[in-house]
């Protein structure tokens, strides 16, 4: 007989549907199909936002505190504890389902869901836009069990051997649920794809640093019913939760999780794979000889579609024995039951799981439980979707294995090895295939066994919450994890020496002069700025004019121990220049006295200071407000020491911010320079516009911006300044490294948050009616929403009217169809058109990404501009 289950109450419901009673929307089901169908385990939806998330863009998302965060507080990338995941059984409750987010979770309100739209366009006869309501009402709904696996599952093992570009996942980056929704093929058929169509490109609503997340799969896969590719709006009978794509997502069984796009907004039918940034630079297995540097220097590695990952490979892991589990041999039963999971990709079935206790010389077969097969005998609907597994032979889910092992054999073994094979006879390899993103890691899973005086200790390869895995211990002990013997030394083999960290030598060869505190202070003036880094004394006089940050950057360090900010801010290139300025070593007693003096910078005066910033000491401001400008850009408002205090920052200059490094184990700090956007005469507070560079698999993320993003309101941020060699005085008068000159016009070239220093100059010009300086701004961005301070720029241009005092030109590389402005990068044509003929009375101000600055400089010099008329903030 057929059965319908539409909504199950998950209080004390048994995990299988047999002949027991279950209440379903006031309807009693007393007799069910004889099939034994796994139902979702009891689920408790989180209702409170965790304190960690309250100051992030995900402040609207309640979460389960048991999930293990892998990339700091934000973005949210988590896996459940492995044992807790396995104990839930075949299906995973949504609150424990692993999460891979590249950025903020779109905030979708209940009232927005009926009107959520999905656009199907591209190589189709009839482009259409479907509402969420139409997707539910006009298409057949299917319910199917599907396991999703992150391509980075078990990546920490690769990172232990050699750091990849991806963050570390343990062996729990997978979960299984009953997904409900229409088949993707039915949706696509409504738009009638053209004959030359080959791919389905998908795009989500998440707004990320490199545009919306998008990827593609082959169209013939989407149209193949046996592959089961679908759109889902339910998960285990519940509406999708925010972290899992609420209200609509793609689900691609048998392929890596990165192809199952969340918060789905577009299906674009094309004749080529997606050109989305995340499709190209994520989810690839590059050849093992390609290093991170090689992949950064040669983008062609990423654009080779042969290296893109689609189907999952065969993989397995042991859950029991657990990591750090112990077994008392005297009290143990005769047999120990080892357990774990295995999965394969492309709809292929796991056909065997094998266990070895003698380094792979011999193997024994484990039992395999295929819980997915129980749905093949069920006819009916679950949660509003028809279960159509009866005809389908493809396998979409993980399987569980187990094996009873004599404890005496465990006691005589040094490791338990696990490997699996699928029906294509693909077998897990013994050794790791390292790659630059660390994805698809699937060597034999090894649980180390140590007999400690009659007690067995079991250890997994890595520990996702620490460094207690056997791989981490072997590496620390000098073992070679690539030696084919799991890093363990053969008899007579010498330990591998750890590669030493190469420090740049900042001392001049042959300099032996010892300097005491009296001599150091005597020679530490604005004209002759001596300063200390790592106990060594440097004379910055010769670099006062040439320093990119201006003379003030060096003058501010005069007479101080500048080690912290110098080492935090400066590159290896800058450090290599230091021997030219090295003059001696500060004696030990003087260094201790100097550092004590550096620490004691508190103004003992009880009178309020009129000016906040001081060039030689850090002063404390309080973070009082965060205002979101876009999903990844915020205005941070800092309150000064009192409401009538001036910041003390000249127009065009910068201040340094210092905040604790949340990832440092030694109370380290992060220091960066910023230009505020608040008016220079604003009292009591300062506004700073900052773009948050979140971590991605191929980009480590902004160290300072991610730290600032996690700070709660009320946090103290230290400030110092001013710095910079450029200052705009008024009415065409500028200071360059302290020397005054006059200009009649500015050409301002900027991109992203690089707009902030040139904006300060532009505002100073526009707010002074007597200032006749002409300004042309070329502002380059990716999308319309990336244009910062646009309202203010529009006001300045309107204020100028026909006087040609202000002209703003925006150019976008990824502008939408409705964008009517210029498209493309800031190139030679644009600069030639708007910069005019080079002359002594025009100055070019540039600030933006390093690549843009380098490209613009090359263009400007080729057009005849002299370096003295170019300023790079």
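Positions of Cβ are set from backbone N, Cα and C atoms, glycine also.
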Per Swiss-Prot, member of 611, 614, 619, 756 binding FAD alongside 672, 673, 674, 675, 689, 690, 691, 692, 693, 703, 704, 705:
756
Near residue 847 (NADP(+) binding site), meaning Cα within 10 Å, which of 150, 674, 689, 691, 756 (binding-site residues)?
756
Residues 672, 673, 674, 675, 689, 690, 691, 692, 693, 703, 704, 705, 756 [recorded FAD binders]: greatest CA to CA distance in Å:
20
Counting only residues 6+ away in sequence within the same chain, which have a CB under 8 Å from the CB of residue 691 (FAD binding site)?
209, 632, 633, 705, 752, 753
What does DSSP assign residue 691 (FAD binding site), in three states?
strand
Within the domain 'FAD-binding FR-type' (616-729) only, compute the mean pLDDT.
85
What whole-number Å value do you get for the CA-CA distance of residue 689 (FAD binding site) and residue 849 (NADP(+) binding site)?
15
Under DSSP, is residue 674 (FAD binding site) helix, strand or coil?
strand
Go ahead and report the DSSP secondary structure tallies for the region 'Disordered' (30-61): helix first, then strand, then coil.
3 helix, 2 strand, 27 coil
